[in-house]
Amino acid sequence: MSSKPQSIGVIGAPFSKGQPRGGVEEGPTVLRKAGLLEKLKELECDVKDYGDLSFADNLDDSPFQIVKNPRCVGKASEKLADVVAEVKKTGRISLVLGGDHSLAIGSISGHARVHPDLCVIWVDAHTDINTPLTTKTGNLHGQPVSFLLKELKEKMPEVPGFYWVAPCISAKDIVYIGLRDVDPGEHYILKTLGIKYFSMTEVDKLGIGKVMEETFSYLLGRKKRPIHLSFDVDGLDPSFTPATGTPVQGGLTYREGLYITEEIYKTGLLSGLDIMEVNPSLGKTPEEVTRTVNTTVAITMACFGVAREGNHKPIDYLSPPK
């Protein structure tokens, strides 16, 4: 496959306060060190690097009920939303390098300011749809979708730090792929709101080809619209991405991860991308960190056109040498 070069705006979001484990704030650094931006440029993408955001460490951040670090997390997403919106106004695809998945509140909010008709494909072992009232852990990286859904607006308490958030997607605008660790309250929300999901059971039953076909038919069947892919590396099996905060056995294979992203690229509709929850501190060995980072880079590259069948430039490779 070859097509016109894509323009990308890369935003590093070194933030960890949506969950308890240190190290996830190093995600952008290790992905940059692995040469991600250079590889995108080799693909002839037009890459603009917006650098890494800096996040204030709000010392006076007492919990809201059991919700931890609400002001820090809310402020970080607010800052990210502004930068993503800025990137989208230039017509670039926003590429957010996390950081923990609470940042999706900001990434999707900012994207929706410019493209309110967007749809979301959420690849993850978890639904991240607990509300501040259903959460058992209080970690905000397990709650971003609840802040984004219009249908949950009335069920959400006023959490300090989140006054700026306006729900921007409906239940019918999101599809989950890779689920295998869903809390009872989350399962209730999925079922009550009729949210479309493909847990690992459906992936096993249907195969990833059918899963993507059904995903596109569901989200794009009536009208082509911008896609926001929010990719938590724990959606993949921990044999491929061990260095992450909440790994769950029995996940998507390397091949399934590539298939998902290759197919999204082929639609030509990818408009925003989050690459979340790479935590180099949680690799048991340096090799586990390298494996996680290399897998994550490969998944990201597939979003921008690297295909397993190969790629070529639009020239005649068989023309006789001059």
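Cβ coordinates are placed from backbone N, Cα and C, and glycine is handled just like the others.
Residues HIS126, THR127, ASP128, ILE129, ASN130, THR137, GLY138, ASN139, ASP183, GLU277 are given by Swiss-Prot as substrate binders; from THR215, THR246, THR253, THR300, that same site also lists THR246. Binding of Mn(2+) 1 is attributed by Swiss-Prot to HIS101, ASP124, ASP128, and the same site annotation extends, among ASP232, ASP237, ASP274, ASP316, to ASP232. Distance between Cα atoms for LYS75 (N6-succinyllysine) and GLU277 (substrate binding site): 19 Å, as a whole number. The binding-site residues listed here are ASP124, ASP128, ASP232, ASP234, GLU277; among them, GLU277 has the most other Cβ atoms within 10 Å of its own Cβ. Highest Cβ count within 10 Å among the modified residues LYS17, LYS75: LYS17.
All protein chains considered, the CB of ASP183 (substrate binding site) has 17 other CB atoms within 10 Å. Cβ-based neighbour count (10 Å, all protein chains) for HIS126 (Mn(2+) 2 binding site) stands at 25. Taking Cα separation as the measure, ASP183 (substrate binding site) is nearest to ASP128 of the recorded positions SER62, HIS101, ASP124, ASP128. For the recorded positions SER7, SER62, ASN130, SER217, the largest tally of other C-beta atoms within 10 A is found at ASN130.
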